[in-house]
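> This structure is in structure tokens; I'll ask about it shortly.
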Amino acid sequence: MRNSLSFQDEPIVALATPLGVGALAVVRMSGQGVFDIARKVFHKQGAPDFHLASSKGFQAHFGTIHDAQGVVDEVIALVFRSPRSFTMEDMVEFSCHGGPVVVQHLLKALIDAGCRLAEPGEFTRRAFLNGRIDLLQAEAIGEMIHARSESAFRTAVTQMQGRLSRQLEEMREKLLHSCALLELELDFSEEDVEFQNREELREDVQRLQGEINRLLDSYQHGRLLKEGVATVLVGSPNAGKSTLLNALLGEERSIVSHQPGTTRDYIEEPLLLGSTLFRLIDTAGLREGEEEVEHEGIRRSYRKIAEADVVLYLLDVSHPDYCNELSDITSLLEQASPNVQLLLVANKCDAITNPTERLAQLQAAMPQATVCGIAAKEGDGLEALKQQMSNMVAGLDKLHEASVLITSMRHYEALRRASDALENGACLVAEHAETELVAFELRSALEAVGEITGKVVNDEILSLIFERFCIGK
């Protein structure tokens, strides 16, 4: 990838819509000289001498694209003039017919006329480098495009609009003010001048740390909104996990067999309940495997359990020894995260005579669990199970409306470093430490917060962020 930190305005071009067959496709150009490039290939209908450089911004013009062989397609050319464009550069967007061959001819004509094919995320990267958006907003655009649930989409939109950016900028301004006063003291160290009362400084630092810690606390919920609730289906072989997965999805996604050990590796599929995404993970049945490949499948099951947000343990209550599994469930939870939730699903309730009593016994034996009864093969109880799953994350889909959430591990790590630095700084102030030591910690916190919005940035971070974008974004 090219050096993102150097100023770039060379003309770039890319397809901005998905490649494939459709009614329309949009090809966009940005950079210095795009109007001159367009003049070489675009002919406005009824105005052979027309030049897009003479057009006002936000105006559309109908015409044809030409290459060396002749007419390529009829298009609409939409003009954006710097700085009133997404990249803050001159831009032209061509709407053409949505066939892959048409698009290829149009792209080739523009490249032959002087454009360079854009790199992944280069349009958004230019928007960031030119000051149109900050780095957090750039990431939010990517998250909005890839959102798989309404909640994830709304959270990304909130961040794209700058709500979190404004909060972080307020923190940064406060830190910058304190750092400036401490730097003044260092400049006048021989005169023993104190520009900021130390008790007030300690209180300010602790208050800022509290704000940052509240953002850190939001990451667990933000991660669930963005990535989905990791729901691991666990149980003994032939408990009905694959049958349940297929029933929840409404399609035959997992192989169902009476032969134990059919599932050798985990299968992951998305399930949208309301506006919350669940990532259903069907795992190999927990038993002593007879083959090495089955052993590996079981090891992978345990790894997924350790990463789970919800463990959905499927229990075959028609089996005479089903109670023996309860102690196994307790041992299993010891390998899961402390915040994991247990959903104990009693399967094959249609095969017993007293399902209500059986469920009550299970609830009494496992008070930490949410207990639900189903008959997966017949589809009985599935709606109640889905409701229980939704109840376990109740309110998650509304959090983006009331709170500012952290959804990115990069943001979380930067804020954690900022919090640690502020905690160190407050302790140093309380211990009447040297001003230089306090200033170092506050500068560290300032730098960490600045990394999130791009006030402090390096090319490696930019490359990691923007290479995840599509070419035309």
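Note: Cβ is positioned from N, Cα and C throughout, glycine not excepted.
Found this in Swiss-Prot, in case it helps:
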type	residues	note
BINDING	R28, E93, R132, K473	(6S)-5-formyl-5,6,7,8-tetrahydrofolate binding site
DOMAIN	228-394	domain 'TrmE-type G'
BINDING	238-243, 257-263, 282-285	GTP binding site
BINDING	S242, T263	Mg(2+) binding site
> Just jot down the residues in the same chain as R132 ((6S)-5-formyl-5,6,7,8-tetrahydrofolate binding site), at least 6 apart in sequence, with C-beta under 8 A of its C-beta; none if empty.
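Listed in sequence order: F86, T87, M88.
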> Cα distance, R28 ((6S)-5-formyl-5,6,7,8-tetrahydrofolate binding site) to A284 (GTP binding site), nearest Å?
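Just about 48 Å between their Cα atoms.
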> Return the member of R28, E93, K473 nearest to K241 (GTP binding site) in space, with distance defined Cα to Cα and candidates limited to these binding-site residues.
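Checked the binding-site residues R28, E93, K473; minimum Cα distance to K241 (GTP binding site) goes to K473.
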> Does DSSP put R28 ((6S)-5-formyl-5,6,7,8-tetrahydrofolate binding site) in a helix, in a strand, or in coil?
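In three-state terms, R28 ((6S)-5-formyl-5,6,7,8-tetrahydrofolate binding site) counts as strand.
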> By a simple count, how many Cβ atoms lie within 10 Å of the Cβ of A284 (GTP binding site), its own Cβ left out?
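Excluding its own Cβ, A284 (GTP binding site) sees 27 Cβ atoms within 10 Å.
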> Using a 10 angstroms cut-off on Cβ to Cβ distances, just flag whichever of R28, K241, K473 is the loneliest among these binding-site residues.
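Minimum Cβ neighbour count within 10 Å, taken over the binding-site residues R28, K241, K473, occurs at K473.
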> K473 ((6S)-5-formyl-5,6,7,8-tetrahydrofolate binding site) to N238 (GTP binding site): how many Å between their Cα atoms?
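With distance taken Cα to Cα, N238 (GTP binding site) is 47 Å from K473 ((6S)-5-formyl-5,6,7,8-tetrahydrofolate binding site).
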> Quick one: of N238, S242, which of the binding-site residues has the smallest count of other CB atoms within 10 A?
N238
> Provide the number of Cβ atoms within 10 Å of the Cβ of E93 ((6S)-5-formyl-5,6,7,8-tetrahydrofolate binding site), excluding the reference atom itself.
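Taking every protein chain into account, the count is 19.
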> Give me the largest Cα to Cα distance among R28, E93, R132, K473, the residues the record lists as binding (6S)-5-formyl-5,6,7,8-tetrahydrofolate, in Å as a whole number.
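The (6S)-5-formyl-5,6,7,8-tetrahydrofolate-binding residues span at most 18 Å between Cα atoms.
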> Where S242 (Mg(2+) binding site) and R28 ((6S)-5-formyl-5,6,7,8-tetrahydrofolate binding site) are concerned, what is their Cα separation in Å, rounded?
46
